[in-house]
């Protein structure tokens, strides 16, 4: 399933996606990321009336190019939304109470689950660069210390031949601390201790009404593109072999890494083109299929969710050891060959890391949390759509031994996206998760640390 990995360069080159990250020169970035596309946002000018179809092309204070007497007002069109049960419903004019609550939370006000004695300054919105620095510091602490150390039990808690239950990793303890801290805060704040994680009264997507009948065709196109990228990878391999005949310096690990990366570049490009064309506009700010924001307090979502993801993965991996035969884990996958190339080929490792660490987090989150999850939620209740998308996410990686752990991660990240309402959160978690495998291998090969 390494063809499930994309390339940042191609994503940036895709016009709709580049506009979402870089912004449009005609509309302030804050308005682009805050306001759902296809809706008429409020404006400061005196209200005027115009049809909802005109509202889709107008921004605050902007007049219609052909009919200058029309201007933007607070009227809103009716996009297809999703209720708490996940059923498709019709939106209403104006912001709902849930949307107002979600926007206030994103703007840095006190969340409902935070006790009143916690200083409001802790929820103050931080500059994205400051948040990025905090995220990297917490990630380094987890990677270099928590994941490498454990607390040993006086004796094996449950006797078994697998060597399990003799200790608990500090990364698992850190995840337990995060979970316990959130539960205690919710208890002290007087709200439900365990929220309905598989439900959402305000999901981060609005599916256009006409898009539902096109979901089958889009899925078929994506499957064909995935298969075609496999043949493209084989073609790239033949080209690389031909280049080696003409004395181009290519080692076996390097050719393998190039084959995997180039084959998936085709898959990423075709996938973005399909989504952007079949459901135009798909990407923000005009598209309403997914939602991401850089100017919100995303860092605490990323750090806390990453720590909890490590806990959940460790639990799933432990269960895997008891339900699957050990021979399944002895097979060397393509990913393991990229992480641990022959002869410690650092160039091959660097090429192989581009996809998993940079582009896979973006493309796979767009594909599974940005497209598949809303598509499933349009056809079934959200509490079924979330686990279904998680299983499909795991199956796509074509690794029997990883079905359970990847399903657990997919379930956690789908819930995190639904609750945080920001795809940037799961993109960063995904990037940190994949990077730790390559960084761990690089650390052992090049600069082994004493701890």
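Using the three backbone atoms N, Cα and C, a Cβ is placed for every residue, glycine included.
Because TrEMBL annotations are produced automatically, they should be read as predictions rather than curated entries.
In TrEMBL, the annotation transmembrane segment applies to 129-146, one of the ranges 111-128, 129-146, 147-164, 165-182.
Range with TrEMBL annotation transmembrane segment, chosen from 322-340, 398-416, is 398-416. Looking at 202-219, 346-363, the range tied to transmembrane segment in TrEMBL is 346-363. According to TrEMBL, the feature transmembrane segment maps to residues 221-245, out of the candidate ranges 71-95, 221-245. Among the ranges 1-55, 56-110, the stretch that TrEMBL annotates as region 'Disordered' is 56-110.
With DSSP states grouped into helix (H, G, I), strand (E, B) and coil, the domain 'CAAX prenyl protease 2/Lysostaphin resistance protein A-like' (352-435) comes out at 74 helix, 0 strand, 10 coil.
Relative to the transmembrane segment (257-276), the listed stretch 221-245 leads the set 129-146, 221-245, 370-386, 398-416 in CB pairs under 8 A.
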